[in-house]
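Annotated in TrEMBL:
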DOMAIN    1-35  domain 'Rab-GAP TBC'
SIGNAL    1-20  signal peptide
Amino acid sequence: VLWTLVVSRWFICLFVDVLPVETVLRIWDCLFNEGSKIIFRVALTLIKQHQEFILEAASIPDICDKFKQITKGSFVMECHTFMQKIFSEPGSLSMATVAKLRESCRARLLAQG
């Protein structure tokens, strides 16, 4: 799956037009306090929480639709519970880990030309 196609809107807009406003504001508070790892925590939590639902997709348009659907509903509407989940679901995710992953992806992209 081309992940950039599926989640680019999440990252480019920092979730502003895909999650409820109260949830977005809480995410932004954490983003300013903890750094960009929060963006990954939110994405990983959404994916992990809806993993079985996403795996039902049979095509790329289906996957895109599933990703739109997982940003709606009670899971993200209750921002306090959602915020607790982003700090427990993905497990440990330090800025050092994010930096290593970024460097690895950057090197892989450069090698591809």
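Any Cβ shown, glycine's included, is placed from N, Cα and C.
Counting same-chain residues at least six beyond the ends of the domain 'Rab-GAP TBC' (1-35), those with a Cβ under 8 angstroms from any Cβ of the stretch are 42-43, 60, 63-64, 67-68, 71, 76-77, 79, 82-83, 86, 95. A mean pLDDT of 85 is what the model gives for the domain 'Rab-GAP TBC' (1-35).
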